[in-house]
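Asks: Let me give you the structure first, and then I'll get to my questions.
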């Protein structure tokens, strides 16, 4: 059994903010199971890797012996979370919400232990609230406090409409914490306001206020906007293994480290060691393959990951990469050769500077994988297929 301090350090990994750290540490020191709440509104039928960042954190609490509550916001989904929106969301029908709800529990159990997870829906208690209950609940918060929210404030200042029911959303989400007597609530950084409303309402109802733990929002495949099905930059956890593997391999080398930090269960010391090796010349593609294999194994199986890896290799050989090239041997005086030098000596570009320029333009690939690092070095003993543009190829071995 680990100490409360060790448990706290494990919980803290990957968290953006804990409100308040001393409160959480004190509660962990009580050595009693805490009630950990995580809510999801079933606004779409599928869970993607972005959702799993906070689900992994919930699983962490579960592994430490705490009571985890997977709350399906079937009522609040019909309101629509206004967080980050510059217009009023169209409310979903109950039929759509219930259809989406069917898949959420099954998908969540790919991460959570079903035997140790309490699943509940907030319609259970919200549907029982009467009109006077809602009026009293609304009286606990002022319009001025609501307008402290960045999204509401921007809409107010730009004279964009804010519907009254949107003000109810954070109040009802906060009331969920009262109904569940939550000790800790988890959420993305964009949910901070809503989570803090839960703290305030618990105080109002005479409960010990929950601690709040926020986790980062995972960037989508584009590396810019947060992962979202509506932006088509997502990886769904129920996608076929080959598709999941290929999507992971398509992310940039820099984004790969972000995915390792937020999605991988590997120790940070191991990830940091790989990062150092890449900075010294190791091909980041090799590290990315390990990430793809880990994620496919988690959501499918080890066998599926092996097949997906082979499918990925075969696809590039079949559709993009020639296999009948004579191998060119280039001698490294030290332990490696730089990418610019290899491209120039292999006849793929006229000068080293042209090679670096082509890398910056995204026109250089190694074994079908786009190169982004102009300082990439290939160690002695490795053989790869280099590509510039669509038609220039060379098979090179560094000796």
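Placed from the backbone N, Cα and C atoms, the Cβ positions cover glycine too.
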Asks: If Swiss-Prot is the reference, give me the range from 42-51, 52-61, 62-71 marked as motif ''HIGH' region'.
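Replies: Comparing 42-51, 52-61, 62-71 with Swiss-Prot, motif ''HIGH' region' matches 42-51.
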Asks: Between 216-220, 221-225, 226-230, which stretch does Swiss-Prot give the note motif ''KMSKS' region'?
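Replies: Per Swiss-Prot, the stretch marked motif ''KMSKS' region' is 226-230.
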Asks: By Cβ distance under 8 Å, which residues at least 6 away from the ends of the motif ''KMSKS' region' (226-230) in the same chain are close to it?
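Replies: Distant contacts of the motif ''KMSKS' region' (226-230): 44, 46, 48-50, 217-220, 236.
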Asks: Taking a Cβ cut-off under 8 Å, which residues six or more beyond the ends of the motif ''HIGH' region' (42-51) line up next to it in the same chain?
Replies: 72-74, 77, 80-81, 92, 97, 99-101, 103-104, 107-108, 217-218, 220, 226-229, 234-238, 259, 263, 295
Asks: What does DSSP assign residue 229 (ATP binding site), in three states?
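Replies: The residue in question, residue 229 (ATP binding site), is coil (DSSP, three-state).
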Asks: Under DSSP, the motif ''HIGH' region' (42-51) has how many residues in helix, strand and coil?
Replies: 3 helix, 1 strand, 6 coil
